[in-house]
Structures are given as structure tokens and as C-alpha cells.
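J.: Pulled these from Swiss-Prot:
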- 1-20: signal peptide (SIGNAL)
- 103-114: compositional bias 'Acidic residues' (COMPBIAS)
- 109-368: region '65 X 4 AA tandem repeats of G-N-[AD]-[EA]' (REGION)
- 117-120: repeat '3' (REPEAT)
- 133-136: repeat '7' (REPEAT)
- 141-144: repeat '9' (REPEAT)
- 177-180: repeat '18' (REPEAT)
- 185-188: repeat '20' (REPEAT)
- 193-196: repeat '22' (REPEAT)
- 201-204: repeat '24' (REPEAT)
- 209-212: repeat '26' (REPEAT)
- 249-252: repeat '36' (REPEAT)
- 265-268: repeat '40' (REPEAT)
- 349-352: repeat '61' (REPEAT)
- 357-360: repeat '63' (REPEAT)
- 371-390: compositional bias 'Basic and acidic residues' (COMPBIAS)
- 411-463: domain 'TSP type-1' (DOMAIN)
- Cys423-Cys457: disulfide bond (DISULFID)
- Thr426: O-linked glycosylation site (CARBOHYD)
- Cys427-Cys462: disulfide bond (DISULFID)
- Cys462: GPI-anchor amidated cysteine (LIPID)
Amino acid sequence: MKKLSVLAISSFLIVDFLFPGYHHNSNSTKSRNLSELCYNNVDTKLFNELEVRYSTNQDHFYNYNKTIRLLNENNNEKDGNVTNERKKKPTKAVENKLKQPPGDDDDAGNDEGNDAGNDAGNAAGNAAGNAAGNAAGNAAGNAAGNAAGNAAGNAAGNAAGNDAGNAAGNAAGNAAGNAAGNAAGNAAGNAAGNAAGNAAGNAAGNDAGNAAGNAAGNAAGNAAGNAAGNAAGNDAGNAAGNAAGNAAGNAAGNAAGNAAGNAAGNAAGNAAGNAAGNDAGNAAGNAAGNAAGNAAGNAAGNAAGNAAGNAAGNAAGNAAGNAAGNAAGNAAGNAAGNAAGNAAGNAAGNAAGNAAGNAAGNAAGNAAGNEKAKNKDNKVDANTNKKDNQEENNDSSNGPSEEHIKNYLESIRNSITEEWSPCSVTCGSGIRARRKVDAKNKKPAELVLSDLETEICSLDKCSSIFNVVSNSLGIVLVLVLILFH
């Protein structure tokens, strides 16, 4: 019986020595991936993420990097490389019950707060940004728009302006042109008109001149003829002789008398006759002559006159015409020009305006969002207090420290296999690890973080004291049985 007792106690001690955690509660149903727990001093951020890297000097097995997830994802992500025996049932996700400091929720609260804050901030920011952006955008847009608008506007404006300007310019130009044209036209017209007028005037003048000439000629002829005829005929036959003598005498006397009398009479008669005849003749002659002369004269005169007249007339006409034309042209041109100019101007202006507006808007929005998140956390905390104390291992103070994790993984570097290692602690929360299937042939020195699977393991009952007491009692019993056998 004593030998059986010694054998039983010895077996118990040997098993306990070889498998120190076999009688402990190593159930990992409450295990969690390290990336889901908080382990820093202020309980507000995730535990610093670890990256396992190979170091040439073998002094450090782990390197810490905040840009890589802690330790590793669970092996379900690579089901294609894992056998059915290695697949495990996904652990139930445990909600993080850590209390968060008020106003420091960066998730739901900030999302809702930012949405509300951005709306208010953007409204104020855009108002200021658009004002500055439109000012710069309109300046550039109008410059391009006016160019196209004025081109179309000036075309229509100049057309109307030139019409009004030419009317006034032509009036002044024609006056100067006609003066020069009439001078040349009258010269040619008078030549033709005088020729026709003199013909008619001489005819009328000769009739009047001959009448006056004959009167004087007859008086002189009769005086000489009468003297000779009277002397011979007076005595005997003044009565009969005078009749025959006068006829012959008058004929000869009139011929000589008329020749001398007509010369003087015609000169005086023509002068008066021509004056009256020229007036009537010139009127008819000038009409025909001026028509032909003015056509050539006006052509040359108008060219010079219009040039000067149009310059002054167009200036006044274009001013009024351009005003109306530019208004319509600029409206269309500015619309297209402003669209492009405002786009660039508003982009720069809104950027600056939104930055300032969002800062103020987000501050107010985040305050409301964080208050809502705080209330939500308080409700979660209230529910947590009603749960069993077994979930206290979620507290960061109960989780393994960074130094503990580093030291444990370093200690099992050479012995880690594809099976789960023992929990790193015998009381509280620790970690355990194993190799992934695709890293089973790697040397220990070549292992990196991506080659390992890790998870949190927790023991509901601490057994440190029990181990000491039970081992001590076992040794005492063995010694007693041996000594008093």
C-alpha cells in the first residue's frame, strides 16, 4: 500500500513537472486576437503592434512597427493551406468593454459629428471661398469672355455706327466735293451752253441791231442821195422824180449806209442781245453740261470729302453702335468665359475657405458626436458590470505586457511547432503561439511574424500558490513514505 502511494504521488509530481499546466483551466474559448485588445497605459489606443523580423546578429527577434497588425491574423485567412485538423471554430467576438475617456471616440461619434460639422463648416467656408474665388475667376473669365464678346458686338455695332456716321460724313463730304465738281462741270457746261446761247442771242440781237442801224443808215443815205436827186429832180419833177429817184437812191444809199450803220449798230445791239440771250441759253446749256461735268467732278470730290467726313462721323456713330453691340456680345462671351474662369478661381478660393470653415464646423460637430459616443460607452459599461467577472481579462491591466510577449516568443523560438504552445502564464491572461503550415520547414532563425499564429489565452483560476503547495506537500509525502517505510 505504501509503495502504491509513493508511486501515485511520484507520478503526480512527474506529470506536474513535465506538464505544468495540464490541470489548469487552459480553455481558450475566451481567447482573443492581440490586435483586438488595448494594452497601453492610458487605455485609449491599441497595443503597439509587433513585427517579427530576422536580425543578422540574432540579438533581437522582434521589431516593433506601428503600421503592421499585432502578431498575426488567425489562420482562417489561409484555409486553402490548412488541413481539416488545423481548422478551428471561430471564436466568439468579445466586445471591447474598456472605458474610453470622454470626447475621444474616433469612430461612430466622429463620423456623425464630422458629417454635421462639415455641412455647417462647408456652408460658411464656401461662402467666403466663393467670394474670393469668384473675384479672381471673374477677372480671368471676363478677360477671355470680353475678347470674344467684343468681337461679335463690335461687328454689329460698327455696322449700325457706320451707317449713321456715313450719312453725316457724306453730307459734309458731298458739299466740299460738289463745290470742286461744279467748278469743273460748269466750265465744260458753259462752253457748250454759250455756243447754243450765243446763236440764239445773236439772232435776236441782229434783229434789234439792224433796226437801229437801218434808221441811222437811211438818214445818212437819204441825206446824200436827196441832195443830188433833189437838185436835178426838184425843179422839174420833184413829184415824179422823187418817187423813182428815191427808189434807186435808197437802194444804193441803203447798201452803203447799212454797211457802216450795221457795224456800229450790231456792236451795241449784240452786247445787249447777247446778255439776254446768254442768260436763257446758259440755263438750258448749263443743265446738260453740269449733268455730265458733275458726274466726273463729284466722283473725285466725294472721295476726298467722304474720307474726312466719315472719320468724324464714324467716331460718333461707332460709340453709340458699339455700346449696344457690346452689351449683347459681352453677355454671351462672358457666360462662357466666366464658366471656365470661375471653375479655376473657385477651386483655389474654396480650398482656402473650406479649410477655415471646416475647422470651426468640425469642432462643433465633433463635440456633439463625441457626447453621443460617450453616452453609448456609458451604456456599454453599465451592461458590462452586470456580466460575470470572468470577462475581467478584457481589461488592459490583465493583458500580457509587451515585454512579456517579447520574452515568451523569444524563449520558444527553437521549440515552437505546428501545435499550440503552452500558455505563457499560469494565472491571468497570456499568449500562446504555433507555426503556420507553410512555415513548418523553416529554421528557427528564419522565422518572422507572418510565419506564426498567436492568440490570447486566459486562466480563470490562478494556480501559482496551488502549484507550490501541492508540489511541496507531494515531496514531503514521498520523503515521509520513503523514510518510514
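Using N, Cα and C of the backbone, Cβ positions are placed for all residues, glycine too.
Give me the lay of the land around each of these features.
T.: For the repeat '9' (141-144), the mean pLDDT of the prediction comes to 62.
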J.: At the Cα level, what's the spacing in Å between Cys427 (disulfide bond) and Cys457 (disulfide bond), rounded?
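T.: Between the Cα atoms of Cys427 (disulfide bond) and Cys457 (disulfide bond), the distance comes to 10 Å.
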J.: Of these disulfide-bonded residues, Cys427, Cys457, which scores lowest on Cβ atoms within 10 Å?
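T.: Candidates: the disulfide-bonded residues Cys427, Cys457. Fewest Cβ atoms within 10 Å: Cys427.
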J.: How far is it from Cys457 (disulfide bond) to Thr426 (O-linked glycosylation site), counting Cα to Cα, in Å?
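T.: Distance (Cα to Cα, whole Å): 10 Å.
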J.: Tell me the coarse DSSP state (helix, strand, coil) of Cys457 (disulfide bond).
T.: strand
J.: Once the chains shown are all counted, how many other Cβ atoms turn up within 10 Å of the Cβ of Thr426 (O-linked glycosylation site)?
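T.: 18, counting other Cβ atoms within 10 Å of Thr426 (O-linked glycosylation site).
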J.: Which residue counts does DSSP give the domain 'TSP type-1' (411-463) for helix, strand and coil?
T.: 10 helix, 16 strand, 27 coil
